[in-house]
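> Quick paste of what TrEMBL says about this protein:
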ACT_SITE  Cys517  active site, proton donor
DOMAIN    100-356  domain 'Orn/DAP/Arg decarboxylase 2 N-terminal'
DOMAIN    382-464  domain 'Arginine decarboxylase helical bundle'
DOMAIN    595-644  domain 'Arginine decarboxylase C-terminal helical'
MOD_RES   Lys111  N6-(pyridoxal phosphate)lysine
Amino acid sequence: MHSVFNHQLDQQQWSVDQAIQHYNVKYWGENYFDLNNAGELLVRPDPNQTEATFELTKICQSLAKKGMQMPVLLRFIDILRHRVESLCDVFNNAISEQNYQGNYTVCYPIKVNQQRRVVEGLIKSNQKLAQPQVGLEAGSKSELMAVLALSEKTNSVIVCNGYKDRDYLRTALIATQLGHQVYIVIEKISELDLLLQEAEIMDVTPRIGIRARLASKGESKWQESGGEHSKFGLSASQILRVVDKLKKENQLNIFQLLHFHLGSQITSIRDIQNALKECARFYAELCKIGAPITTVDVGGGLGVDYEGTQSQSHCSVNYSLSEYANNVVGAFRETAEKSSLPHPSIITESGRALTAHHAVLITNVIDSEKPREVEVEQPFDDCHVIIHNLWDIFIEAQDSENNHQLIECYHNAEYLLKQTQEMFNHGIINLVERGLAERTHRRILFTIKQRIDPEIKTHHETLAILQQKLASKFFVNFSVFQSLPDAWAIDQIFPIMPLKGLHEKPQETAILQDITCDSDGVLKHYVNGKSIMPTVDLPHYTPDEEYLIGLFMVGAYQEILGDMHNLFGDTHTVDLELNGDNELKVVATETGSSVEELLDYVDFDAKSLLESYRRQLKQSALPQSTQRQYLAELRQGIYGYCYLEE
C-alpha cells in the first residue's frame, strides 16, 4: 500500500530502482519507458533497438526552442508499429505451434483513435511483416469513408460494423467492387433485406458476417457490449432466421464471417475463454447446417495494463498477449477438430492494445497549494467547551503510542469538527473559535499521520484518507475533460510521473487538479506500486523552475472523446519517428486550438469580437496609447493558445 511505502521512504535510501518500483514503470511501461541513473524518464520507441533511448525532458526542451508551449501530446509512431508486430507475432506463433490452418488479421477499429497519422502509422506496419496482416474496421458511414481511402495500402480486409443505412451499404459494396475483402456485419435483420436489394441493383456479390449475441459477458467498464441484453448482435433464433432466408434466396454462400464482441478492456482471461468457447460452438453448429463460414472475428476486448498490477482490476489485465493469442487459436482449433471442420481464419479488433501506449501528454505544473502544519495554541478559558475537547484530542494524539487509540482520536476529531461547523452556522460559536477548531483539527490529522504504524493493514484505509486530506494540490496546465475524458467519466486510471528528479525521494504527496473551472477537473486515482491510491508522490514544486508531468497511455479513445469544457481544446501534437540512424525525428506537428478556433465553434466571430473591444476602448476614458496597447493584447489573446502560456 501507498502508506507502507511512504514509511519505507523515510527509513531507506531512495534509488532509481525504488522509483521504478514505486511508479510501477516496469509493468505498465512494457519496455517503452524507463529511468536513467540521473532519475530522468526515458522513452524507447522500439524495444528491439535498446540503444535508441531518449530523455523526455530533452525532447520537450527541443520543442520549446521551436516555440512550442506546454501542453503537448507526443505520439511515438514506432510504438504503434511495435504493438502491431508484437500482436501479429504472438498469433503467428500460436498458429505455428498448434498447427493451425487458418490465417490471422488484426483489423484496427478506427473509433479508438481516428487521427489519420495514427491509422497510417498502424497500416505501415504491414511493410515490416512477412505478409500483410493489418486491416481496418469501420462502425459508421464517416469511418467507412476514411477506411476505404486508407485501405489502398492495407491487405484490403475491411470489416463494416455498426448500424447501416442504404448509403453505408452501398459504400461497402463499392469497396467490394474495388477489390477489397469487405465483410458487412449484420447487426439487425432489417439490414439484410436492404443489403440484398442494393447488391442486386449493383450486381455485386457481398460477403456478410453476422454478429452473434452471446450469453457470455466480460467483467469490465464496457461489459454491456456483450451478453444477452447487448445493444448489438443477433440471438441464436435470429441467426437461424437469417440462415433460412439466405437459403431461400439461394445466397447462403455469402455468409462467410461470424463475429462477436465481448466488450472493451476485458480484465480476466476466464471471461475471454468462456466467450471463445461459446462462439466456437456457434461456428460449429452453423457450419453443420450449411453456412460456409471461413472467418471468425472475435472483436475487441484485448486489454492493456494501465496500472501494471497484472490483476483483474478494471484498469489492468491478468493475462499476456501470448496467452490471449493461444486461447483464441486454441478455442477454434479444438472445436473445429472435434467437429471435423476446417480451421477458420481469425480476425481480432484489438484497438486499445495497439494504440494506448504510443501517446504521452506532457504538461507543466503552474502552481501548488500545500496544507501547512501550523502551530496551535491552547484555547482560552472562555472558549466553547467543544474547542477544549478538540485540544484534549490533540494532546492525547501527541502522547499516544497506541495505534487503536490514534484511530479513535481521528474519528473523534472528525466528529467534533463537524459539530463546530454546525454550531457556527447556528451562532453558538464565533469565527475566531471556528478558525481555532479548524487549525487544531488539522494539527491532529498531521500528528496521527506521523505516529500511526503503516504496517498495520487494518489502518491502511484511514491512512489513505489522511494522505488525501493532507495532500498538496498541484495545478496542472491541461483539461481533464479534453485530454483524459475517461478519467472523469469512468474513473479510468492512467500512469502519471514527473519527467525528472526521480533519483531523489519524493517530497510531496499530491493531488493533480486541471485548469478548468469545474470541481470534477481532478485526477482521483494514481498508480502506486502494486496498488492504486488517491494521491501521488512527487518531487517538490518550486515556482521559478519548470516542472513537467507526463500522463501516459493516452493513445486509445482520449483524443477523440475529449470535449471543449470551458473552451479548452486540442493540445499541440507532435509525431516522432526513428530514422535510419536511430535518431528520433519530428515527422509532423499540429498546432493546438487557438482561442479564436474555439470561439468560432460556438459561433463567436473573432472579427466582430475585436470590433466590440475597439468600441468599448474608444468609449472609455483611457489614454490613446493605453487603448492601442490593450487592443493589441486582446487581439493577441484571441489568436493565442487556449492553454496557459508564460
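Every residue gets a Cβ built from N, Cα and C, even glycine.
Just so it is clear, the model here is predicted, and its values are computed rather than measured.
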> Using C-alpha atoms only, work out the spacing between Cys517 (active site, proton donor) and Lys111 (N6-(pyridoxal phosphate)lysine) and round it to an integer in Å.
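The Cα atom of Cys517 (active site, proton donor) is 29 Å away from the Cα atom of Lys111 (N6-(pyridoxal phosphate)lysine).
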> Return the residues near Lys111 (N6-(pyridoxal phosphate)lysine) by Cβ distance under 8 Å, restricted to its own chain and a separation of at least 6 in sequence.
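Those within reach of Lys111 (N6-(pyridoxal phosphate)lysine), by Cβ under 8 Å and sequence separation of 6 or more, are Gly139, Ser140, Glu143, Gly351, Ile560.
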> Using a 10 Å cut-off, grab the number of neighbouring Cβ atoms around the Cβ of the residue listed as 'active site, proton donor', all chains included.
8
> Mind tallying the domain 'Arginine decarboxylase C-terminal helical' (595-644) by DSSP state, helix then strand then coil?
36 helix, 1 strand, 13 coil
> Using DSSP and three states only, what is Cys517 (active site, proton donor)?
coil
> Please count the residues of the domain 'Arginine decarboxylase helical bundle' (382-464) that DSSP assigns to helix (H, G, I), strand (E, B) and coil.
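Secondary-structure breakdown of the domain 'Arginine decarboxylase helical bundle' (382-464): 67 helix, 0 strand, 16 coil.
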